Amino acid sequence: MRWRIIQVQYCFLLVPCMLTALEAVPIDVDKTKVHNTEPVENARIEPPDTGLYYDEYLKQVIEVLETDPHFREKLQKADIEEIRSGRLSQELDLVSHKVRTRLDELKRQEVGRLRMLIKAKLDALQDTGMNHHLLLKQFEHLNHQNPNTFESRDLDMLIKAATADLEQYDRTRHEEFKKYEMMKEHERREYLKTLSEEKRKEEESKFEEMKRKHEDHPKVNHPGSKDQLKEVWEETDGLDPNDFDPKTFFKLHDVNNDGFLDEQELEALFTRELEKVYNPQNAEDDMIEMEEERLRMREHVMSEIDNNKDRLVTLEEFLRATEKKEFLEPDSWETLDQQQLFTEDELKEYESIIAIQENELKKRAEELQKQKEDLQRQHDHLEAQKQEYHQAVQHLEQKKLQQGIAPSGPAGELKFEPHT
């Protein structure tokens, strides 16, 4: 659809952070101790350490973004205010698919790193013998008051921060998805306003037809139910459905063999269900909606299985869930196309916010244009004064020459012509 605005929302909050690295003061080098001063072609200049626990992640994001020529050009031309305000992040819509894919991968890796911290806390309580200090060494710089040792207080502080970040990450994704859907509808309606009555009816008819095509899909099993897991067992794992065994299933899908099903491993179980509804080759299927559906499925299963709310599923929790009635006889699962994602009042409120923002931008643009015109007038006035001054000086010099007086220099000193 021409009004579709594809956004990678979770990346929007990252680009403003580049300000820290961009504004950093370069390190002075004692050139007396540098033996080879010849320039090295294509030498790589490492950005300074920001001191943030996501420093490495930040550097990797910047490196990936700078591989995109369009974004690199925008970054070079952007001023500090554009970076701070987040306006530069809107350019993410225009980066290549390859760059977006790499950014997605970096984001997943960073979220996984935070999850490792939570697993370390659980392992510490169970005393499994894991080297926690080695695992958490990368996070020790967070505690500026105690940089030498890692105490229990440091671990608790990081656990709370990681948990809060992950929870906020999910909430933000839901909020941004809702805004995305409202923006799509807003753009669609605005586009219809530009059409004739006949063309508008054609577009409305196409829109309804695409909705019907999207809603026409096989039944989606309830996430985490026996039917859903057995389908994965049979179709993905290639095993006999009559031999389905929850314990074996758990071990098969504990990909990293750490004794837990983390959020990523859980989300992988829903791929077949999502493929029933979404196909990237179909214009009527929105892949951003698919990821929202995946998130909803994961949150739902976690709410039913993850008893201690540590965002990890143990084998014990998993087996206990398979003994519940809901595992065998679950309620039907409602996909996004069966739900009202926003009300008409919410859309109107969102559109009013957009209108306010557009008016503010328009006013700002008018102010900047006025400032530009004022500066141009001042420049023209100064140029005119400068021209008048030069003309007056030339006139005075000519008059002095006519009177036989030696011309003077800029400071009033006399200038004598050499005799020939």
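Every residue, even glycine, has its Cβ placed from backbone N, Cα and C.
Mean pLDDT, taken over the DNA-binding region (171-223), works out to 93 on the 0 to 100 scale. What Swiss-Prot lists as DNA-binding region is 171-223, and the listing cites similarity to another entry.
In the three-state DSSP scheme, D306 (Ca(2+) 2 binding site) falls into the coil class. The 10 Å shell around the Cβ of D306 (Ca(2+) 2 binding site) contains 20 further Cβ atoms across the protein chains shown. The Ca(2+) 2 binding site feature in Swiss-Prot is assigned to D306, N308, D310, E317; the stated evidence is sequence analysis.
The residues of the domain 'EF-hand 1' (241-276), classed with DSSP into helix (H, G, I), strand (E, B) and coil, number 23 helix, 2 strand, 11 coil. The annotation domain 'EF-hand 1' is assigned in Swiss-Prot to 241-276 on the grounds of sequence analysis.
Annotation comment: Swiss-Prot describes 293-328 as domain 'EF-hand 2', evidence class sequence analysis.
Marked as motif 'GBA' by Swiss-Prot: 304-334.
Among the features that Swiss-Prot reports, signal peptide is placed at 1-24, with the record citing sequence analysis.
Other Cβ atoms within 10 Å of the Cβ of E317 (Ca(2+) 2 binding site), summed over all protein chains shown, number 18. For the domain 'EF-hand 2' (293-328), the DSSP counts in helix, strand and coil order read 24 helix, 2 strand, 10 coil. In this structure, the binding-site residues N308, D310 were compared by how many other Cβ atoms lie within 10 Å of their Cβ, and the smallest count belongs to N308. Cβ atoms under 8 Å from those of the domain 'EF-hand 1' (241-276) belong to residues 108, 112, 115, 119, 217-221, 223, 226, 228-235, 290, 293-295, 297-298, 301-302, 311-315, 318-319, 322 of the same chain, restricted to positions at least 6 beyond its ends.
Taking the centroid of the Cβ atoms of D306, N308, D310, E317 as the Ca(2+) 2 site, the other same-chain residues with Cβ within 8 Å of it are I305, N307, K309, R311, L312, V313, T314.
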